[in-house]
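A.B. asks: Quick one: the structure is below, questions incoming.
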């Protein structure tokens with residue numbers, strides 16, 4: 001098994017490239033199936049967020065991943081290769097550990113990425129594209145990333161893209177309490193935005209979603225009016241703040257729509273934050289006066305501020321990554337001995353049960369228990385050591401001193417000899 005992590009993120013690709021390869025929920029099953037149709041790919045999972053699209057798979061031919069990604073999204077392979085990274089084996093595990101721990105996020109230490117990776121893994125398991133090879137790798141990564149976050153404290157005082165959005169609103173508006181907020185989308189990011197805004201004193205929400213039931217749940221939790229996506233033009237003029245975080249493939253808020261809303265607001269300022277990838281709001285909306293439009297890339301400069309306390313934690317987390325990586329390598333190597341250990345233990349258990357049943361029959365027949373137990377002990381020792389004894393004699397006859405040293409190590413005879421000498 002060769003673990004490979006391949007993809008692009010906010011560090012390697014601008015938003016106009018990331019949105020072209022972003023995985024839409026409706027496409028997830030078909031893309032995973034298409035990926036597994038490649039004869040070179042044995043197992044795979046795909047993670048897609050606003051800041052990254054990554055493929056985790058078992059393959060000996062990682063170069064096919066870039067070709068597949070370009071073909072599926074109708075992009076030039078030459079163009080995509082400028083932004084793509086491929087990490088194999090140990091480096092692939094290290095990269096995935098860094099992602100799961102929040103070390104590779106735009107906002108260092110943000111906790112959402114681990115949940116998103118778990119969801120991607122669980123979906124791939126349900127679809128059958130993750131099986132016996134990748135399953136233990138992901139499970140180890142999830143356990144290790146939890147240890148890293150706990151020990152380093154990198155997840156203390158949780159911060160996310162959603163929280164950064166709320167902080168940005170606070171810089172532009174002095175009073176949260178007077179704001180009317182139009183929240184478009186009802187997923188995890190939208191829920192976090194609503195939660196943080198509510199904690200800061202916002203009580204006037206308009207909540208629109210393609211799934212009305214999800215919008216109603218948000219409205220019940222934080223208060224507000226539930227709308228459908230089709231209601232956006234009618235209610236947009238009422239919003240001081242518009243935050244959009246849907247999974248729509250194309251923008252649905254354009255310049256003319258916002259311009260019309262401004263006219264009805266008597267050109268009172270509007271703050272629009274597009275947290276979606278692909279974008280929900282056309283970029284030329286920012287050309288309008290009294291409109292402040294930001295997308296996820298615009299949050300980068302703000303995110304850097306106030307992260308100093310996390311940078312120290314990140315340094316410690318990086319050290320823990322190396323330690324966990326060493327642990328993973330040892331654990332993965334140990335898997336090669338798993339079948340041998342199981343077979344050996346089963347063999348020893350069978351021998352022990354045979355001798356135990358023989359001894360119990362003799363005791364039931366009235367023989368002296370002490371004599372039976374002495375015989376049981378001697379016979380068990382002889383049977384357990386019979387094959388190893390024959391093997392040791394053979395390697396001694398063959399003058400294989402290296403194998404004799406290995407036997408001493410396995411049977412720990414040096415330690416026992418030292419113990420005997422100490423006692424005598």
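We count from 1, first residue shown onward.
In case you wondered, yes, glycine gets a Cβ from its N, Cα and C as well.
Found this in Swiss-Prot, in case it helps:
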ACT_SITE  50  active site, nucleophile
BINDING   49, 50, 51, 52, 105, 110, 111, 112, 116  substrate binding site
BINDING   185, 186, 187, 188, 189, 190  NADP(+) binding site
SITE      95  site 'Important for activity'
A.B. asks: Which residues of the same chain, at least 6 positions away in sequence, have a Cβ lying under 8 Å from the Cβ of residue 49 (substrate binding site)?
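C.D. replies: Once residues fewer than 6 apart are set aside, residue 49 (substrate binding site) is near 113, 116, 277.
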A.B. asks: At a 10 Å cut-off from the C-beta of residue 51 (substrate binding site), count the other C-beta atoms across all protein chains.
C.D. replies: 24
A.B. asks: By a simple count, how many Cβ atoms lie within 10 Å of the Cβ of residue 188 (NADP(+) binding site), its own Cβ left out?
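C.D. replies: The answer is 16 other Cβ atoms.
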A.B. asks: Between 105, 116, 186, 189, which of the binding-site residues has its C-beta surrounded by the fewest other C-beta atoms within 10 Å?
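C.D. replies: Relative to the other binding-site residues in 105, 116, 186, 189, 116 has the fewest Cβ atoms within 10 Å.
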A.B. asks: Within its own chain, what residues at least 6 apart in sequence put their Cβ under 8 Å from the Cβ of residue 187 (NADP(+) binding site), listed in sequence order?
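C.D. replies: Result: 214, 245, 246, 247.
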A.B. asks: Let me check the 10 A CB neighbour count of residue 185 (NADP(+) binding site). How many other CB atoms are there?
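C.D. replies: The Cβ of residue 185 (NADP(+) binding site) has 28 Cβ neighbours within 10 Å.
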A.B. asks: Quick one: Cα separation, residue 190 (NADP(+) binding site) versus residue 51 (substrate binding site), in Å?
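C.D. replies: One finds 16 Å between the Cα atoms of these residues.
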A.B. asks: Just to confirm: which same-chain residues, 6+ apart in sequence, have a Cβ under 8 Å from the Cβ of residue 95 (site 'Important for activity')?
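C.D. replies: Once residues fewer than 6 apart are set aside, residue 95 (site 'Important for activity') is near 5, 85, 87, 104.
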A.B. asks: Quick one: Cα separation, residue 186 (NADP(+) binding site) versus residue 51 (substrate binding site), in Å?
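C.D. replies: Their Cα atoms are separated by 19 Å.
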A.B. asks: Report the residues of the chain - excluding 185, 186, 187, 188, 189, 190 - with C-beta within 8 Å of the mean position of the site's C-beta atoms, for the recorded NADP(+) site, in sequence order.
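C.D. replies: Neighbours within 8 Å of the Cβ centroid, excluding 185, 186, 187, 188, 189, 190: 191, 192, 193, 245, 246.
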